[in-house]
Each structure stands twice: as C-alpha cells, then as structure tokens.
Amino acid sequence: MTGGSSAYLDPPTVAILVGGLALALLCLVSGLNGRPPTRLTLALTVVLEAGVVAYCAWYLVRQLSGESPVGPAWELWSYLLTILLLPVLALVWARQEPTRWSTFVLATTAFIVGVMGARSAQIWYGVGLMTT
C-alpha cells in the first residue's frame, strides 16, 4: 500500500493520531491557564496509553502472522517502543511534580505519541521511504 500519501491512515492510526492531538490541545490550554494536571488530563493520558498498548499489540500480531513492514523493522519497533514508554514517563512526572509545567509535559507527550504513531504506520506501509 505505497500509493497515496494518506494510504497509511487506517482506523487504528487515525485513532492514535486524533487522540494524541486532541489530548495535546486540551493539556496545552490547561497549562496556558496555569493549571496543574487534573484528573481529566491524567485519565485521558491513561486512555491514550491503553490505545498505544493496543496499537503496539496490533503491529505485533500482524508481524507474528507473517506480514512485515515495508520499511526497516528496527525503525518501526523503535517508534512503537518510544510511544509505549512516553505516556508512562509523563504520568510519573505529572504525579511527582504537579505543576503547570507537568501539564505541558503531558501536552508534549500526547503530541509526540500522535505524530510518532502516524510515522510508525508510514514505516509499515512504506510511505515516504527513500529509495536508491
């Protein structure tokens, strides 16, 4: 599926991308208003992490069933491992230091998860790969 530039936007990828960007916007607005992490922002970060776990499991099942990424597998799994760990680390940070800056950390993490989730799908489908 290396056709169009949006060929990689399957439903799980769209869910991670939209969820990450929506949470990033919510946390950004909350941080700009001077608020520390709230139950809502923390809970939505946990929901995003649950989505990322399912997303990584989906790729694992696909690879174990015989499919393989068009791009480098090491790069795909580097992205997936990163987006798997980032929300956990951001939640620990937000719980240890409940200031407005932690809300910005949650916003940055959610943005990174959304973008890196979409990039991992591009690696899987071979979108944007340089060929020599």
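Positions of Cβ are set from backbone N, Cα and C atoms, glycine also.
Curation plays no part in TrEMBL annotations; they are all automatic predictions.
Just so it is clear, the model here is predicted, and its values are computed rather than measured.
Per TrEMBL, the feature transmembrane segment maps to 12-33 (among others).
Taken from TrEMBL, the feature transmembrane segment applies to 40-61 (among others). When Cβ-Cβ distances below 8 Å are used as the criterion, the transmembrane segment (40-61) is approached by residues 12-13, 15-16, 19-20, 23, 26-27, 30, 76, 80, 83-84, 87-88, 90-91, 94-95, 103, 106, 109-110, 113, 117, 120, 124 of the same chain, each at least six residues removed from its ends.
Sequence annotations record features per position, and here TrEMBL assigns transmembrane segment to 76-94 (among others).
Feature annotation from TrEMBL assigns transmembrane segment to 101-125 (among others).
Outside the transmembrane segment (76-94) by six or more residues, the chain places 16, 37, 41-42, 45-46, 48-49, 52-53, 55-56, 59, 69, 102-103, 105-106, 108-110, 112-113, 116-117, 119-120, 123-124 with a CB less than 8 A from a CB of the stretch.
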